[in-house]
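Listed in TrEMBL for this protein:
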ACT_SITE  Glu424  active site, proton acceptor
BINDING   Thr138, Gly177  FAD binding site
DOMAIN    17-132  domain 'Acyl-coenzyme A oxidase N-terminal'
DOMAIN    278-439  domain 'Acyl-CoA oxidase C-alpha1'
DOMAIN    480-656  domain 'Acyl-CoA oxidase C-terminal'
Amino acid sequence: MEGVDHLASERSRAQFDVEEMKVVWAGSRHALEVSDRISRLVASDPAFRKDNRTSLSRKELFKNTLRKTAHAWKRITELRLSEEEASRLRFYVDEPAFTDLHWGMFIPAIKGQGTEEQLQKWLPLAYKMQIIGCYAQTELGHGSNVQGLETTATFDPQTDEFIIHSPTLTSSKWWPGGLGKVSTHAVIYARLIIDGKDYGVNGFIVQLRSMDDHLPLPGITVGDIGMKFGSGAYNTMDNGVLRFDHVRIPRDQMLMRVSQVTREGKFVQSNVPRQLVYGTMVYVRQTIVADASCALSRAVCIATRYSAVRRQFGSQNGGVETQVIDYKTQQSRLFPLLASAYAFRFVGEWLKWLYTDVTQRLQANDFSTLPEAHACTAGLKSLTTSATADGIEECRKLCGGHGYLCSSGLPELFAVYVPACTYEGDNIVLLLQVARFLMKTVSQLGSGKKPVGTTAYMGRVDQLMQCHCAVQRAEDWLKPSVILEAFEARSARMSVACAQNLTNFANPEEGFLELSADLTEAAVAHCQLIVVSKFIEKLKQDIPGKGVKEQLEILCNIYALFLLHKHLGDFLKTGCISPKQASLANDQLRSLYSQARPNAIALVDAFDYTDHFLGSVLGRYDGNVYPKLYEEAWKDPLNDSVVPDGYQEYIRPMLKQQLRNARL
């Protein structure tokens, strides 16, 4: 039981109030109480067992998911859980399922793009799960280029209907979660055609399956697209393929909050601006950023606990070996990921506020902050999901060979998470959208239009192009103003350089394509500045609890200085800092790792994850890793028999043949 005693010893070293840090992580005492209660409710219910997922066949896995989602809905209704509590329950069940798309995209799409009449008709059915919906936008031939979608919705004035049709193989809807086997309805995106004229892509509510026997309705071909990466992982989800053969739907099933088609077949733009469509996109992407902090923190929790339990090398005369977490190479890889998990948590909180603010402004017909909100959520979705996917894989490697076992929880966590880099916008395409926003901001600087929000620093572009970093000692890098200025100067100079290089092209679009790699780097610099600045803003708040603020300051500085170290070429090339100052930043970073070390276990304890949710032998709260690894090995179905199936048929004849050869 050495591991148990060891982690208890680690926890006793904490220099801060762990319970108060849990509140900071959760966002409020109320949120902590809800998460704590619901996570334990799920963990204590044997119906939500998940440790056997990787040994199930695809059909068994999928049916098991249907059983769990049905049980989850039963518990939600029996306990009369609030929307917040129900959302936490689905989160802690920890299994990709059709309900993710129903609650996360189908309902928000109708809420964002439907008229009041449509909301009154469809939302009660959806909230009671009397219909189950998905979101069908991506096609076999087009994903990120929404304007290139091929599915058509042609208005028939004779019958007052739209005819939904898939004219080509590549127009097949492909990837929507929940579509393959479960969804009864979908929000479909198709090109609106009236009298032969194309009015662009619009949303339509389409019933896919019979409410009596669940068979596809006439004209609809629908199924699952097959196994995905990983063993259990995202294979619990029925990602689907869908084709339409002249399927008719009533005219009032076009989502008409933004644009409408009248009974006479006239296309009418409503007085609600088209930008409102972006509201749903902003909502979905801000939830993805919040999910990134959850996934990364989970991987970091596993890797940190195991790094404290695992011992390798360093023993003298047969003494105790060194804890892996005490090696600087381990700290320099692990602690920046720990800091990133907290950083993403806080920028996610801010994005939630931004979404609320934008929504209130939209309702008041104020669209001034929408372009910035769109750029922020696009860029931060890209930044956080890429960093998280890479971070989960790094945590697997930080756990050595045992991290490769499914029982570590890390291979499956990676397989579940990695599609986030592609869905809701390919990450490189999103960065290019941010770059366009930055180039437009730079181009308007001379017009007197003052940049606001996350681009406000561009208003001081002349100063930032000239400023010189004031760092003279390593400790100077602990000053928030110094860090912010360095990140602002780097971002501003990279954006201005791109804007200047674009002027060398007669055709701006040709220049944008040629310089796209530089533009994505400028977008990354801007997004990293946002995360750093929001972490610093968080530290200005009143944060109660002994030592909590001090630990957050250490994490904030680790995050910022690690980024500076990782992107040192940008900072040096743009002249933001000198080589000597870069060296001092590295010295300070090493010192910060030493300061974080005594609190590492307590900092991951603050995530307040149950062993059930972590789903990892290596990340167990009690640290009792090795007996449990040994125990898990014997649970594998391959160990059900001592002599393997197939021995008599394949192995024995081969061995006997070898024996006969040996006698010759």
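Cβ coordinates are placed from backbone N, Cα and C, and glycine is handled just like the others.
Features per TrEMBL, on structure.
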{"residue": "Thr138", "record": "FAD binding site", "Cβ contacts under 8 Å, 6 or more apart": "Lys173, Trp174, Trp175, Pro176"}
{"residue": "Gly177", "record": "FAD binding site", "Cβ contacts under 8 Å, 6 or more apart": "Pro96, Phe98, Asp100, Leu101, Cys134, Met237, Asp238, Asn239, Gly240"}
{"residue": "Glu424", "record": "active site, proton acceptor", "Cβ contacts under 8 Å, 6 or more apart": "Met281, Val284, Arg285, Ile288, Lys381"}
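The average per-residue pLDDT of the prediction over the domain 'Acyl-CoA oxidase C-alpha1' (278-439) is 93, rounded to a whole number.
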